[in-house]
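**Q** Okay, here's the structure, questions in a sec.
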């Protein structure tokens, strides 16, 4: 009977933890949907295979929501095997988040190189109509930038020979005309001077530490849930033996 107060305390803590865990799943799900709707154009320029990133967040968030509810149910039910299954799932989530966080931090320079390569390729194949061209236009308009390093990068693009610099580079598109955009000297007074690569990579460098810290913080929080679930399972089993 001595284990009952401990079980009550552990149940309360684990229910609170499972609810917070469930909330993180909802947040991941929301971020995934938001990323798909809002950041799809940026993601498509980081790497061709990275367009699945929002779907990964949506899938991960949905899974966490389901297991967060399962954790609450297992805790209220007081089932040792359910609690062990919950702890096992938390350990898998911990390992997956840890690997993802380390990989993202270690390979951040490769991500920057990939962005440089894919953005340069997108400029060379730019036609103003396809998805990657629209992505380039969206980046240049939203970040008020032009080209990779600066606006002169467009002079090597086949599109420039026929149409000049894309209007998305203009500081004021109503003040730009095709003749101005064909002439690099005149265009210098009409288009944004900053390159898109520097703006994107400086944002990554500035926020990488914060992102990594949050990722590791969330990952290690799974250890708390694992510990609570395992302890509660053990105390419930011990209490059953005491009753016998």
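The backbone N, Cα and C atoms fix where each Cβ goes, and this holds for glycine too.
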**Q** Would you say whether Swiss-Prot puts residue 77 on the same side of the membrane as residue 231?
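**A** Yes, same side.
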**Q** Where does residue 172 (N-linked glycosylation site) sit in the DSSP three-state scheme?
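**A** Looking at the DSSP assignment, residue 172 (N-linked glycosylation site) belongs to neither helix nor strand, so coil.
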**Q** Same chain, outside the topological domain 'Cytoplasmic' (71-81) by at least 6, Cβ under 8 Å from its Cβ: which residues?
**A** 7, 11, 14-15, 17-19, 21-22, 225, 229, 232-234, 236-237
**Q** In the topological domain 'Cytoplasmic' (1-11), how many residues does DSSP put in helix, strand and coil?
**A** 9 helix, 0 strand, 2 coil
**Q** Using DSSP, what is the helix/strand/coil residue split across the topological domain 'Cytoplasmic' (71-81)?
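**A** Going by DSSP assignments, the topological domain 'Cytoplasmic' (71-81) contains 9 helix, 0 strand, 2 coil.
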**Q** Give the sequence-ordered list of residues that share a chain with residue 183 (N-linked glycosylation site), lie 6 or more positions from it, and have CB atoms under 8 Å from its CB.
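**A** 164 - these are the non-local Cβ neighbours of residue 183 (N-linked glycosylation site), listed in sequence order.
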